[in-house]
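Single-structure report; data block below.
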Amino acid sequence: MRSLTVASRHPGAAFSTRRRPLLHPAAAGRDSTFQRCWRWEKTQDSSFGSSLRTSRLPRTVHGDILKNLLAPTAGAVSVEQAEAIADLPKGDMWSVHKFGGTCMGTSERIHNVADIVLRDPSERKLVVVSAMSKVTDMMYNLVNKAQSRDDSYIAVLDEVFDKHMTTAKDLLAGEDLARFLSQLHADISNLKAMLRAIYIAGHATESFSDFVVGHGELWSAQMLSYAIQKSGTPCSWMDTREVLVVNPSGANQVDPDYLESEKRLEKWFSRCPAETIIATGFIASTPENIPTTLKRDGSDFSAAIIGSLVKARQVTIWTDVDGVFSADPRKVSEAVILSTLSYQEAWEMSYFGANVLHPRTIIPVMKYNIPIVIRNIFNTSAPGTMICQQPANENGDLEACVKAFATIDKLALVNVEGTGMAGVPGTANAIFGAVKDVGANVIMISQASSEHSVCFAVPEKEVALVSAALHARFREALAAGRLSKVEVIHNCSILATVGLRMASTPGVSATLFDALAKANINVRAIAQGCSEYNITIVLKQEDCVRALRAAHSRFFLSKTTLAVGIIGPGLIGRTLLNQLKDQAAVLKENMNIDLRVMGIAGSRTMLLSDIGVDLTQWKEKLQTEAEPANLDKFVHHLSENHFFPNRVLVDCTADTSVASHYYDWLKKGIHVITPNKKANSGPLDRYLKLRTLQRASYTHYFYEATVGAGLPIISTLRGLLETGDKILRIEGIFSGTLSYIFNNFEGARTFSDVVAEAKKAGYTEPDPRDDLSGTDVARKVIILARESGLGLELSDIPVRSLVPEALKSCTSADEYMQKLPSFDEDWARERKNAEAAGEVLRYVGVVDVVSKKGQVELRAYKRDHPFAQLSGSDNIIAFTTSRYKDQPLIVRGPGAGAEVTAGGVFCDILRLSSYLGAPS
């Protein structure tokens, strides 16, 4: 093995508190590294070497470059010759940290990194760093421009120099700054010579490119070392090309040589026995000591390899997120940070495209059960996500068994099908041999147990080659009919459901496919290994995000998460929104009921949200962010939002056209809750059709507030019927407005004065005739009659209107109120007649179930009757049944007003939640 030469002024000896100069083989060993690289390149690429030797540079410049690059530093010694000073300790005393380019992006961030390292109480610390943010891309760009003979590579190199010089000046001072800038100048000079040679040759081999690119890590490691040294902490920095040895194993892949790397690390440590070591990420050497890199996510890989070599207690990878998400937060805003993952779960997620770790990063630490912790450098209070051997199972329920979801897009599904495949040995080998020959990557395989077909997923960009190869390979079989087809399905995606404990938990697949079915997602292929670490599903790419949201919401959101659409932000709707705002947090905390208002629709405008309207600002947003009202679009927004498992439309209007849509909404799987009486008191055939659909499906339709506002009238009636009681008669004061009017129509007060008072207090509609006509009471009578099993139409109910015939033609409410006093004498006469009999007047609705009739009328009741005891705007309903024949069951309470009506609607929302699984 060739010696790795290092300068005698190597920083190998750890910094003492006296602050010895920070030096490294970069001063000399880096030149010798270039020598090795250069000697290797001469054997590999004579044209490049010739270009460097014969480039048309001035002789003096050419000579200076070669002297600067190739001359070994005086006094250099080999690693093998270094005298052992200390053995490398191994075990839990080591903690390994890795900081990526974002963490090292500015002088302020490097200072923060130094603080984190210094605050770590571990006995020994090994810190792996990437190049500063964007620097690696800039270095690759340098090489690409140079070999393309683009002179602008010089400007890019100047940008690299300026970036590091500016950072160093902000971070360092005095001798530290002078030493770093001296080395930086020397490195830039060397790079200019190399890039000039590449420019002349028009070509750069991989090892030269790797050598150039690796400088970013060298510079960031030096700057961090100086920053830590400023605190007086002993520190060394390591060029990992001297330690990590890897073997190329394929395109953009390398395999670590752990034994040789361990030997070199021990020798390095014998010269540099520091308690804090700053190591370069990403870069390494081949067994021939040629510079190379660890390819994609190389710095994470470096940290994992080094962590395994020292058998560290933990490897912490610092990034800019709080940990590993349960799904891509760009696609699923409700994705949560996972506290733990097993190695296998992290591997599966990484394979299927989740931004966790590269799968190979996990391999080195698994052998020694070393945890990897993903943490956020910008939020150090967050504990992050721990990836370890077997995380503790907090609760063992179904949801806990599914840890995360990941997706891969831009795939194609290849299906090879034919009766001639069954029982024929070697068919699968022939299929995948053809795929291998064109270098395609098979991501998923699924085979029918009958062996009639095999399908597999490949990247869309590779499917044309795969299809051609399969048609060529099976030309005869296709012609003979042994294979029926080689089919390609384009524009596919994979959704992977990952969880270590899915194998031991029944119902995971059923729950997953139920969620996809409810989201109207068609599954094209399925694969699941016997280990059951993941369930892989192929589906249309256009359905992928919707499927991801539906699956994630089913496993990670509460079963009683409700996507709510409010139609009609008038008096009742506005009050309901305020009640939801005040109570939402309590419901989520105490009952795990998560209510999300996804939209608010008025008659002119509507407000839509994908994740939920902020109810503290809904009024303002309805003014500033609203769009023109469109009921179809509003409903589509709610029904197509499969991010939430349950959807409910709350109609707070009194609009007939809105009520006419209930059937269609229920058919789409949207629950409906309303105080709107129009649907249940409308045409009987529509009502029966609506109720039939409700009973035949698992979609709920609640309308408690249609009768009695917030009073439990409908639920009481249903309870009686469902327990086998027989309803004989329902009689009650159903109108809060008319209850108020007749409760106060006594003594010397005139009827018109009481109506005016009720109007002023807000008890009546803007036009009091809407209340006094009795139609609203008739609708409530119809609703109760139909609940009791009577097939009555609204026209079957005789109604005594309290609006005189002469006033029905008034063109406005004001005109009506002006003319109403002329009828006070008639009302006074009727009241006196009742008083003379010891009675009071009450406006009531009656359902006579026995005679199958209903009516609305003004009746007189004795003063000791419960109906005569009312006050304010209270409602009272008496149920006479087989069980409650002698003493009717009475429900009494406030039956009018926005608060109680909205409260009744709110109760229906909570009732729906309980039906969906909320605790009682």
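Note that Cβ sites are derived from N, Cα and C of the backbone, with glycine treated the same way.
As recorded in Swiss-Prot:
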type     : residues                       : note
TRANSIT  : 1-92                           : transit peptide
DOMAIN   : 416-491                        : domain 'ACT 1'
DOMAIN   : 497-574                        : domain 'ACT 2'
REGION   : 567-920                        : region 'Homoserine dehydrogenase'
BINDING  : Ile572, Ala601, Thr653, Gly897 : NAD(+) binding site
BINDING  : Ile572, Thr653, Lys677, Gly897 : NADPH binding site
BINDING  : Glu765, Asp776                 : L-homoserine binding site
ACT_SITE : Lys780                         : active site, proton donor
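Overlay of Swiss-Prot feature records on the structure.
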| residue | record | CB count, 10 Å |
| --- | --- | --- |
| Ile572 | NAD(+) binding site | 26 |
| Ala601 | NAD(+) binding site | 30 |
| Thr653 | NAD(+) binding site | 21 |
| Lys677 | NADPH binding site | 21 |
| Glu765 | L-homoserine binding site | 15 |
| Asp776 | L-homoserine binding site | 21 |
| Lys780 | active site, proton donor | 26 |
| Gly897 | NAD(+) binding site | 19 |
If you measure between the CA atoms of Thr653 (NAD(+) binding site) and Lys677 (NADPH binding site) and round to the nearest Å, you get 9
With Lys677 (NADPH binding site) as reference and a Cα-Cα limit of 10 Å, the qualifying recorded positions from Ile572, Ala601, Glu765, Asp776, Lys780, Gly897 are Asp776, Lys780
Integer Å value for the Cα distance linking Glu765 (L-homoserine binding site) with Gly897 (NAD(+) binding site) is 11
In this predicted model, the domain 'ACT 2' (497-574) has a mean pLDDT of 88
Rounded Cα distance, in Å, between Ala601 (NAD(+) binding site) and Asp776 (L-homoserine binding site) is 25
Residues in the domain 'ACT 1' (416-491) per DSSP class, helix first, strand next, coil last, are 34 helix, 20 strand, 22 coil
The largest Cα to Cα distance in Å among the residues Ile572, Thr653, Lys677, Gly897, listed in the record as binding NADPH, is 16
DSSP, reduced to three states, assigns Ala601 (NAD(+) binding site) to strand
The rounded CA-CA distance in Å from Asp776 (L-homoserine binding site) to Ile572 (NAD(+) binding site) is 17
The domain 'ACT 2' (497-574) resolves under DSSP into 36 helix, 22 strand, 20 coil
